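Step one of this worksheet: look at the structure below.
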Amino acid sequence: MNSILSSVLPAPEDPVLSVIFACRDDPSPVKLNLSAGTYRTEEGKPLVLDVVRRAEQQLANDLDKEYLPLNGLPEFNKLSTKLILGDDSPALKENRVVTTQCLSGTGSLRVGAEFLATHNKESVIFVPNPTWGNHPRIFTLAGLSVQYFRYYDPKSRGLDFKGMLEDLGAAPPGAIVVLQACAHNPTGVDPTFEQWEKIRRLVRSKSLLPFFDSAYQGFASGSLDADAQAVRMFVADGGECLIAQSYAKNMGLYGERIGSLTIVCTSEDVAKKVENQVLLVVRPMYLTPPIHGASIVATILKNSDMYNDWTIELKGMADRIISMRQQLYAALEARGTPGDWSHIIKHIGMFTFTGLSEEQVRLMAKEYHIYMTYDGRISMASLSSKTVPQLADAIHAVVTRIA
């Protein structure tokens, strides 16, 4: 009998999952996984925010399990839009914003990509080099042609701002540009406010369409407003943009898959047409989104006491990550580790490019049981005061051994 499925080829190795599996299979009691993008406490445990537990307790008696509308929970959409754009956003006042609840950041990006592939005449999308590993796959599968613009400078371990402007300046009018709103993944390198303004001017002068990935609002600096600054700058000029939001990191709702796609249009009339077309994308994809995560977020955002408590817990997470950066830098300096490690405290958010080579990274795993992606990215949120010395010792050893 002929087998249709026997001709299926093996899938290519996922660079992040392969590291996670290697760490899982390592029997060492001191193994350390710095590859996954999830927050951990000082004790190395997953964190459920107290305010999330309170919201769930409140919902336990009130929540039904009916289908949501295609565009999701209306209350969630309204509150989520205000969170990213600000209460006083002119785009909101002029009713030219469309928000659709989606399946976290990934789902929001995919719905936006499918919409753009159908309705944007220029099908090329520019993403940073490097960028989150899932970005190219999401956009390619949606039918967009992915190209890259320079972003990270390995020599300075900072932003290649000149290269970025040159590449975006050469992009064709109408091209889509993916911009991470804050806490760039995987590098931890963000533009300054002044650099963002120059990026905005270039994007608008070239008639490019910005698509923001906002996965870490409040998780980078500890301030929800500061981390939305770049997005609001683009919205304030009256132009168009798309924004994918996620509550996986800033509310710890990883498994609830809760996010939203917001599309800022030039007029209310355009927004109405865009809304209907987005729903045509959603309907055959998953029909309606889940209710539980959206209800948690809406409960927290609409209650002033809960919102306040959330901002305190959120700042606590951001501050702990900043502290891990400071401790790691100090530990490397104390050991006299060769090289300049100041980029660790200059970077922001969950991730940092260490600057380690693939050879050094593999040695870290083999001899020191410390796992990170092969490009040298580590999750600062997975470190603790107890494991910083362990990491610093290993980095010092491999850098000294392999120049």
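Cβ coordinates come from backbone N, Cα and C, glycine included.
A quick note: this is a predicted structure, and the numbers were derived from the prediction, not measured.
Per Swiss-Prot, the feature L-aspartate binding site maps to Gly37, Trp132, Asn185, Arg377; the stated evidence is similarity to another entry. Under the heading N-acetylmethionine, Swiss-Prot lists Met1, citing similarity to another entry as support. The N6-(pyridoxal phosphate)lysine annotation in Swiss-Prot covers Lys249.
Locations of recorded Swiss-Prot features on the structure.
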residue: Gly37; record: L-aspartate binding site; DSSP (3 states): coil
residue: Trp132; record: L-aspartate binding site; DSSP (3 states): coil
residue: Asn185; record: L-aspartate binding site; DSSP (3 states): coil
residue: Lys249; record: N6-(pyridoxal phosphate)lysine; DSSP (3 states): coil
residue: Arg377; record: L-aspartate binding site; DSSP (3 states): strand
- [ ] Determine, to the nearest whole angstrom, how far the Cα atom of Gly37 (L-aspartate binding site) is from the Cα atom of the residue listed as 'N6-(pyridoxal phosphate)lysine'.
- [x] 9
TODO: Compute the C-alpha separation of Arg377 (L-aspartate binding site) from Lys249 (N6-(pyridoxal phosphate)lysine), stating it in Å without decimals.
DONE: 18
Open item on the list: Please report the distance from the Cα of Asn185 (L-aspartate binding site) to the Cα of Lys249 (N6-(pyridoxal phosphate)lysine), rounded to the nearest angstrom.
Closed with: 13
TODO: Note the Cβ centroid of Gly37, Trp132, Asn185, Arg377, the recorded L-aspartate site, then list each other residue of that chain whose Cβ lies within 8 Å of it, in sequence.
DONE: Gly133, Pro186, Met350, Phe351, Ser379
Open item on the list: Rounded to a whole angstrom, what is the C-alpha distance between the residue listed as 'N6-(pyridoxal phosphate)lysine' and Trp132 (L-aspartate binding site)?
Closed with: 15
Task: Cβ-Cβ neighbours of Lys249 (N6-(pyridoxal phosphate)lysine) (radius 10 Å) - done: 25
Open item on the list: Please give the maximum pairwise Cα distance, in Å and rounded to a whole number, for the L-aspartate-binding set Gly37, Trp132, Asn185, Arg377.
Closed with: 11
Task: Cβ-based isolation winner (fewest other Cβ atoms within 10 Å) among the binding-site residues Gly37, Trp132, Asn185, Arg377 - done: Gly37
